[in-house]
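Sharing a structure below in structure tokens format, with a few things to ask.
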Amino acid sequence: MVADAQVSESKTAVRRGRLVVLAGPSAVGKSSVVRLLRERMPELVFSVSATTRDPRPGEVDGKDYRFTSRDEFQRMIESGELLEWAEIHGGLQLSGTPAAPVRRAIEQGKPVLVEVDLAGARAVRAAMPEALLVFMAPPSWDVLVERLTGRGTESAEVVERRLATARVELEAQDEFDEVIVNEDVSRSCDELVSLLVGRPEQSESTH
């Protein structure tokens, strides 16, 4: 019994958590899916991105995003605190992923979700090749345009920039390991849960 317990403890110690990187166009519904995912998977570690944009209604600093100034963001870049970072929508804002919480959670064997843009997904893949890249796509282009313009929270210029960015992102979805078409929030959430916990390491499952 003691030997079995020691073997089990050893396996737990060496198992690394799964890192899933989620990207997709603005207004594709990522936030709604992630919100439901966090309710269904309380053990999930969700990487809180640092961003220089202003909070949207209902967003909480430190929970939804780490809202920061450009000066503070620049300091984080220079001190190597970010796993990835990028200029978003033609330089309107800066966004990045603090590295320490992600690496710590993976070493502890926890499932980790990082939500980034296309450039961020590429950067995480370069830094952590074991990451599983997941692209969330809209049912159609028309649906995406309707969702984005229906927000009513951004100027026409910002909307046009977001649409231009979305075209580039949609053209790059073949770079991702998995594609989820977000027609239904609950179903998309189920697919993410499966990707986060449904593929145990073969080396461990066969022993």
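From the backbone N, Cα and C atoms, a Cβ is placed for every residue, glycine too.
Pulled from Swiss-Prot, these are the listed features:
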- G24, P25, S26, A27, V28, G29, K30, S31: ATP binding site (BINDING)
- 17-197: domain 'Guanylate kinase-like' (DOMAIN)
If you average the pLDDT over the domain 'Guanylate kinase-like' (17-197), what number do you get?
91
Out of P25, A27, G29, K30, S31, which of the binding-site residues is least crowded by other Cβ atoms within 10 Å?
S31
Whose Cβ lies within 8 Å of the mean position of the Cβ atoms of G24, P25, S26, A27, V28, G29, K30, S31, the ATP site, other than those residues?
M136, P138, L144, R147, N182
